[in-house]
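Taken from Swiss-Prot as is:
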type	residues	note
ACT_SITE	H375	active site
DOMAIN	1-69	domain 'Lipoyl-binding'
DOMAIN	109-146	domain 'Peripheral subunit-binding (PSBD)'
MOD_RES	K35	N6-lipoyllysine
Amino acid sequence: MPDIGLEEVEVTEILVKIGEEIKLDQGLITVEGDKASMEIPSPISGIVKDITIKIGEKVKTSSIIMIFKVNNLNSIKNEKDLNYIKTEKKLNENFLEEKKDIKKIVLVHATPVVRRLARHLNVDLKNITPSGPKNRILKEDIELYIRNNTSNKSSFNIEKNNTTNFHKDLFNEIPITNIQQIIGKNLHQNWVNIPHVTQFDEVNITLLEEFRHKYNTEKKQKNNMCSKITILPFIIKSVAYGLLEFPIFNSSLSVNKKTIFLKKYVNVGIAVDVQNALFVPVLKNVDKKNIANLSSELIFLSKKAHENKLDASDMKDGCFTISNLGGIGGSWFSPIINSPEVAILGVSKALIKPLWNGKEFIPSLMLPLSLSYDHRVINGADAARFLTFIGKMLSDIRFLIM
């Protein structure tokens, strides 16, 4: 029984049978402690020769719960100062005749949650340096290992994609472009390295939409060639005010993760979907521009993106990113942070919903917003305040034009 931080636990479920062949990290038993149930994984691969515990029985750390026959000791790494699995000679006579020099088997100290995270990320726990009590591996140890080895592909046990060999007449192969590969790599790296949390909210934009439609109508009457202003410039401006009000959202984490850099400029990137690729042109000094200027610049950059004419200067020095899917549909989603930024705002399709005003239900246009943030830098309370502030800006046009 490995050390899971409790002296004694009760066995509530036995997940394997005698004679069954098990794999590394496969669940053996489920135990229940003072606060939660947890699954105890196998530290080795082998065949179950005996089960020494029963359901309802209480077991202590280091007590024998099962005995295995292991066919390949050469693949088992030796380490000192770790608990090891004991083998009874009388139950393994045939095996001991072939391998008399029994070596200690490594028992990695990690909770089932940490083990599942490692399996999901294809990380071998034996390569992790533990920092927890009693040499226990923590989730932070895995995150540190990944950050230190992201550029070194050989550090991971990347499993080959065992795609079924379909008959070639039954499917078409679509090559992944270089830009898609680069974008995919960056998205994966950001998702793995940044602890994402997403805050959701709805904003009443009824008055804003009335103002916007009236403004566009008047502009069209004066100049039929004038482009309509969409809701996005208003959102960009509200985000600019939010970044000034909450500077922690306009920051980046240092490489050594010990310092936060607060930026003295306000640049907002806009995710643009272009022919199966994703570009993020950046609007510079958003806090110093009015909504009409932002609308013109947004149209200009979007056109450059669709014509594949964006250069590096158009996509650098971003502080915060907005991903707008409102023109497509859907409600909420969890956008991936664009590192080294610490937050991103997702915008979905606005819908008419009944809103109670204290006396009656009023049809109101509600805009879903999804704020993903780096939990190492931003706490949940600040995220709620930031999103509430954005909602305040959008629900009353006077705040945006002052």
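Every residue, even glycine, has its Cβ placed from backbone N, Cα and C.
Taking Cβ-Cβ distances under 8 Å and a sequence gap of 6 or more within the same chain, the neighbours of the residue listed as 'active site' are P195, H196, V197. Across the domain 'Lipoyl-binding' (1-69), DSSP classifies residues as 0 helix, 33 strand, 36 coil.
H375 (active site) carries neither a helix nor a strand DSSP state and counts as coil. Helix, strand and coil counts under DSSP for the domain 'Peripheral subunit-binding (PSBD)' (109-146) come to 23 helix, 2 strand, 13 coil.
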